[in-house]
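To start, the structure itself, in C-alpha cells.
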Amino acid sequence: MDAEAWLASEKRLIDNEEWTPPAEREKKAAASAITVEEYTKKWIAERDLAGGTKDLYSTHARKRIYPVLGDTPVAEMTPALVRAWWAGMGKQYPTARRHAYNVLRAVMNTAVEDKLVSENPCRIEQKAPAERDVEALTPEELDVVAGEVFEHYRVAVYILAWTSLRFGELIEIRRKDIMDDGETMKLRVRRGPARVGEKIVVGNTKTVRSKRPVTVPPHVAAMIRAHMADRTKMNKGPEALLVTTTRGQRLSKSAFTRSLKKGYAKIGRPDLRIHDLRAVGATLAAQAGATTKELMVRLGHTTPRMAMKYQMASAARDEEIARRMSELAGITP
C-alpha cells in the first residue's frame, strides 16, 4: 500500500470514528487469529487449578475439542459450529461429552472478557443428569459391608461413612493430620492426591472449603486408635499414611473398590459406589441434627445445594418421622 492509499485508509477510519493506533490494530489482529487449541492451552495454563484438574481439562480438550474445533480461530466461533460439534460427539459417553462442553464454555467466557468474541457461542441447554435414587445404608448394614472388606484397611469404610471424607482426602491423611487428645479426635484435611498422566501428584484439596478439620464420632475414633497402634497397619512417624496397602503404599481406588464391592454384594446392593459412603455420612450427620450450614462445613462444600445433594433417603428414617408426626398430634402409635 502506497503512502496516499494508507493516508486515505486512515482518514476513512477517522471519519467513521473507528481509528485506533496501528500498533493496537496489529495486536488485535494477531489476537483474533489465535485458534481454539492455542487459546484453550493458554487458558488452562493460566488457571489456578489443582494439577489433577488441569490434567482432566487437558484430556477433555485433547480428546474432544481439538480434533474438531482446534484449528478454528476463536474469533470465528459461532453457535452453529458449537451445535455441530456437540451433535458430532454423540450420546455414547454423556458425562465426558458434558464435561468437554463445560470446558469449552468456560474458555469462551474468558474469550468474551478478552474481547475476542462479542458473546459466548456455547448456548446449548443441557439437561441435568438424573439424580441417583439411592437409599442410605443403616449402621447395621455398614457393619456387614465392612466385615467383607480386607481387614488391613477395613477402618477406611467406617471413616468414609462416618466422616464423609472424599476417598482422595482419606488416602492422604497422615499421622501428623490426626489431632487426638484421647477424648476428641479430628482429622485435618489439607491435601489431596490426583493422577496427572501416569503419576500421582499430591496437591491442594478440591476447593478452598475442602481444607477443614472433621471431628470423628467417638466409636470410629476408637477404631482409628486401634488401627494406628497396630504396626502392621500403620508405620511410625508424622508422615505415615493412615490407610495403606499391606506393603505400606498408598491405597488405590481400584483395590479398595474390589474389596468394597464384596461387602455391597453381601447386603444385596451392588449398585453402590465408594462415593456413596460419603453420602451415608451426610445423611447420618443430618439425622444426628446437623444443620445445612454445618453439613456444608463438614463436607467441605461451598453451596447448600451440594450439601443437600449428598443426603440419602432412608426407609427406616421415614417410618420414624411418621411415628413422631403422630406423637405431635397427641397420638401414641
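Cβ coordinates are placed from backbone N, Cα and C, and glycine is handled just like the others.
Quantities reported herein were computed from a predicted structural model and do not represent experimental measurements.
What Swiss-Prot lists as active site is Arg166, Lys206, His275, Arg278, His301. The active site, O-(3'-phospho-DNA)-tyrosine intermediate annotation in Swiss-Prot covers Tyr310 and rests on sequence analysis. Here Swiss-Prot flags 34-112 as domain 'Core-binding (CB)'. Among the features that Swiss-Prot reports, domain 'Tyr recombinase' is placed at 132-323, with the record citing sequence analysis.
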Which residue counts does DSSP give the domain 'Core-binding (CB)' (34-112) for helix, strand and coil?
62 helix, 2 strand, 15 coil
Between the Cα atoms of His275 (active site) and Arg166 (active site), what distance do you get, rounded to the nearest Å?
7
Could you measure between Arg278 (active site) and Arg166 (active site) for me? Cα positions, answer in whole angstrom.
7
Can you work out the mean pLDDT of the predicted model over the domain 'Tyr recombinase' (132-323)?
83
Could you work out which of the active-site residues (Arg166, His275, Arg278) has its C-beta surrounded by the smallest number of other C-beta atoms within 10 A?
His275
